[in-house]
Every structure is written in C-alpha cells, then in structure tokens.
Amino acid sequence: MTNHMRIRVMIVSFAACLLVVLNVSAQQRIVSLNGAVTEIVCALGFERSLVGVDVTSTYPAAMKEVTKVGHNRNISAEPVLALQPDLILATDNFIQASVIDQFKAVGVKTVQMKQEFSVAGTKKLITDVAAALNVPEKGAALIRQLDKEQKTLHVKAQPKKVLFIYARGAGTMMVAGKETPLDKIISLAGAQNAANGFNDFKPLTPEALVTANPDVILMFEDGLKSMGGVDGLLKVQGVAQTNAGKQKKVITMDGQLLTGFGPRVIQAVQELSVKLN
Amino acid sequence: MNIANLKRVSSITLLSMLLIIVILVATGTGAMHMSPMQVLAILLGKTGIHLPVAYEENMPGVLWMIRLPRVVLSVLIGAGLGLAGASLQGLFRNPLADPGLIGVSSGASMAAVVMIIVQNALPVFQHAPILNYYALNMAAFAGAVITTLVIFHVARTGGQAVISTLLLAGIAVRALCESVVGLMTYLANNEQLRSISFWSLGSLGGASWQTVGGVAPFILIPLIMLPRLAPALNLMALGEREAMHSGVRIPRLKALLVVLATMAVAAGVAVAGIIGFIGLIVPHMVRQFTGPDYRSLIPGAALSGAVLLTVADLLSRTIVAPAELPVGIITAIIGAPFFLWLIIKEKRTILA
C-alpha cells in the first residue's frame, strides 16, 4: 500500500465515521408537546434529547430546566421550530391542525398520537412513542413493567362519590364531568364521579354542587392553594352544605400525576385510592 | 404637477417605503433568530442567487413556510381593513364609520361560532376532513357576505340605500348576530368555548401560502377598484344631492362600495378572526397627513393598514414568546389610546 493510498483510506474512513456520528446524533433533538408523552420519552431514556416541552410537562423534575414552548392549547409553530428539533411529538387532543401542518410543511418529522385516558390507552401511547423513537423493545419493556405494577395494584371498590374541582382562584372553578381524565381515574380508584350528568368540564354552580353532594372533594395541590386552602374552599357557596364540606374531606394530588395517564398511571391510581380511604 | 398632487404622491411614496421597511423587519424577527443578511440570502437562494452567507439547515423552511406567509397575510388583511374603513367612511360621510357598521364582523363571528358548535354534530364533516379544515373560514366568509347583503337589502328603498336606514339596519342585525353568538357561547363546551374566544380575538397564527392564496384575490380586486371610486367619493363628501348633480350615479356607487368593502374585510376575517380598530383608526391617521382627498386617502389607508397590522402581528408573536398574544388585543391596545388622542387633538383645533 502506497502512502498516497493510505491517506486516501484514512480520509474515507474518517468520512464514514463522521457519517455514522451524524446519523446517531440525528433524532437527538426532540420537542414534546404533552406531559404524558414527555414522561414516556424520559422513561425510555431520551431525557437528554428533549430540547423543548409544553407547560404540562412537569415531571421528571429535570424538565424544569428544559425550554418551555408554551401552553399545550396555544402552541405556535415558530418557537418550537426555533429549537431546531428533528422530531416533534404531540397528541391529537389539543394542538391546532394548522400548526401541525406548519411543522410538516417545514419538513420536521412530526408524530401525532392518540391519547386515551385508560391504562390500555397509556400502554398504546408508550408503544407509539417508542415506535417514533425507533426503540420498540424499550417500549415493550416499559409496558411489561406497567403490567407488573398493575398486578400488585389493589383497589377496593368504595361507594364514595368524588367531585373534582379545578380551581384557579375563587373566580375560576370548574367541575369534571364524564369523558374527562378525572372521571376515568376516579373510577379506576374504585369510587364514582359525583358529576355524571354531563361530559367535559362545566362551571361550578352552588346548587349543582349541593345536588351532586360529593363525599370527597378532589383537587390539584396548586388548585386548593389558589383557593386559600380548605378554609377558603369552604367559603365557596354550596361547599359547606355537601357531605365532603361537612366533614372537611378534601384531598389533593399533583395535577400531572393525577390526570397525565403517563407511565405513572398505576402509581396515580394507587395514591388516589389510598387517599380516598 | 400642482401642490396637492405632489403632496399626494409624496405621502404615498413615504408610506410605501415605510411598508417595505416594516415587511423587512417583520420577516427578519421572530422566535428563530435570523440576521438580515441571512434572510436576504435565503430569499435570494429561492431565485437561484447564492450569497456567501451561512445559515442553519431549517432556517429556509421556517422563513419560507411560516414567517413569510404570515407577514404577507398580515399585509393583505391590514390593507383590506384600511381600504374598507376609508371607503365606508366616505359612503357614510362619517369619520366614525368602520366595517363593523355594515355587519361584516358580526356576521362573520356569528357564522363562525355556529360552525364551531355544530361542526362535531354534522356527519358531513366527519366524512370529509378537508371540508372540516376549511369549514370555519368558509362559514365566516359566507356569514359576513350574507349579513351585509341582508342589511343592505333592508335599507334599500326605491332602488337605493338611505344611509340613515343602513345604519339602523346595521345596528339591528348586529344585535341579532351578537345574541346568537351569546346563545352559542352558552351552549358551548369547554373546548368549543376556547375556540370561540380564540377566534373572536383574532390571530394570524395558522398562515400558510394556501391561506394567502385564498385571501389575495378578495383584497386585490378592491385594491384596484376602490381608488377608481375616489373622485366620486370626493363629490359625495359635498352631499349626496350635490354629487348626483355632478353626475355621480349614487345607487351604483353605494352598491359598489358595500360589495368591495365587504370583499376586502370578509376574506381577512374568515382566516384571521376579528381584528378590531384598524378599519376605524387607520383612515383617521392617514387623514392627518393627506387631508380629506379620497384619491390619497384610499391608497394611504391600504398602505397604513398593512403597516399597522404587520407591526401588531410582529408584537403579538414576540412580546410573550414562546406563546402568542391574540393580534386583536394588540390592535385594540394600540388603537384605542391613539383614537382618544386624535379626538382630544381635534377638539382642541376646533376650539382654537
């Protein structure tokens, strides 16, 4: 082999190495626009690849350091694309179709997944995210772990009526009806939703509250805080007249844990069921 | 060239230059940072001229597919609102007239809100996703046009619309539209409520070349036609009878003005929602510089409307980045105090 040839081989192999490195570093910049998807991405070991998340992505704690691209219902395309992502992950329940079209028009790989609020839905979401990240086997492992957790889960059915109140101060109070993640998780925890006459969220009215007469009021931790704690909540018209109000039975949970339906869904069911007892 | 003409040409030239500067700044500013040279290099790159400027791989995509259509759309819609405002103030011979008076925005919002509520219930839309996608825009456009026609028809007596009746009919139909919006808001669920409020505050967020293509003809036709009506509007300013004696065909002029103004506003409202105040304040602003001559007022209002909405949209997407502020809020925040200032100033000159 002449010197000349040797140099040539070196250059070619260097270029090949560079190509491999580039290929590996491709798909290293991910933006997730859903809290549950973010949890799954992290659980699959891609935490360091996340360069942007929406405001519902509050778990794991490291997500506090990641750039926030806005509220998941009000995402605009450019701030997301400014992070130079190779992959955008979103669910189909919030983001506007025109924004998804803009992502695709620019040619960034965008995967939109269906989110169903059930344990099976979580497993499906894990499969979808793992497929988008090209690590189906890791997804399968995560699902097996979830199955294992599910086997150890003991939920005691209890005839308690639970009312979820979403609060951002006394002015904004909504209750969760059917077809909401809260309705689903309350039934998974063995209790029943006190507000079952309607779908979606509805503004809270004192009469409806007394009629529903919940045994337990369920709130997000920061939601109860915004009301000034249990005492503040009891001042809301109607609350004191319910069973829950009379016995001061108010329980709180972390919002993303309670409604996320991510990999921690079993943990959430367990925690809620314990708190209900 | 006499002095009036010179003044007209120079104010139009000045405004055109301002618009070009605003377009350049707006195109270069956004969440993704690009230097003016990079913007230039990317745009020239499209025409095959390659400048020795480095830019990142996804910059051309963002610039070309997201930012540029948005800037072009804001220029078009702003121009349409300014145009319509100036011509309607001429039609009503009242500086307080704006496109809202002939029911464009209330009709559009009524139709759009009704569409938001019924969309999920109608089986047609589930079978044709494409239809679903444009349903809101089409409904808003149809609502704007139909409402205006209804108002115009109600106001017509003996072949032509009496201006005072047109105003009254406008008030009545608008009240009706607003109550329907109220009813729909009451019926809406959480998600729909969000869409309604989002829509009624206006946004240029979903802009694409497709929307630009859809809006452009509706604004370009009035942009060409309305300045031709300027001499007739100048005569109208003297009074309807005086104009008629000077050979202006009043009924035809009124009909043309309403149709063209509706076109210019309705298409914009259909894709961007309600954007307030531009149609009202822009003609005032321009009148300060050009005087009451419609030959300069109409093109001036189109140019200034474009400038103002482009600036407002630039603010809307940068002030609270990464989130976006609805552009209707910004135009109102800029517009209302400015309007007050104009009133106070005019009051002083009258008293002096």
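Including glycine, each Cβ sits where the backbone N, Cα and C put it.
Feature list (source: TrEMBL):
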- B:12-34: transmembrane segment (TRANSMEM)
- B:68-88: transmembrane segment (TRANSMEM)
- B:100-122: transmembrane segment (TRANSMEM)
- B:134-154: transmembrane segment (TRANSMEM)
- B:166-187: transmembrane segment (TRANSMEM)
- B:207-226: transmembrane segment (TRANSMEM)
- B:255-282: transmembrane segment (TRANSMEM)
- B:294-315: transmembrane segment (TRANSMEM)
- B:327-344: transmembrane segment (TRANSMEM)
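Note on the transmembrane segment (B:327-344): residues 74, 200-204, 272-278, 280-281, 284-285, 288, 308-309, 312-313, 315-316 of its chain, located 6 or more positions outside it, place their CB under 8 angstroms from a CB of the stretch.
Per-stretch counts of Cβ pairs under 8 Å to the transmembrane segment (B:100-122) identify B:166-187 as the leading one among B:12-34, B:68-88, B:166-187, B:255-282, B:294-315.
Remark: the transmembrane segment (B:12-34) makes no contact with the transmembrane segment (B:207-226), by the rule of 3 or more CB pairs under 8 A. Long-range contacts of the transmembrane segment (B:255-282) within the same chain: residues 73, 76-88, 90-91, 96, 98-100, 102, 104-105, 108-109, 112, 137-138, 140-141, 144-145, 148, 152, 161, 198-204, 206-207, 211, 214-215, 218-219, 221-223, 225-226, 229, 233, 301, 304-305, 308-309, 326-328, 331-332, 334-336, 338-339, 342, each at least 6 residues beyond the stretch ends and with a Cβ under 8 Å from a Cβ of the stretch.
Non-local neighbours of the transmembrane segment (B:68-88) in the same chain are 19, 23, 26-27, 97-99, 101-102, 104, 204-205, 207-209, 211-212, 215-216, 218-219, 222-223, 226, 229, 233, 257, 260-262, 264-265, 267-268, 271-272, 275, 278-280, 282-283, 286, 294, 297-298, 300-310, 312-313, 317, 327; each lies 6+ residues outside the stretch with a CB under 8 Å from one of its CB atoms.
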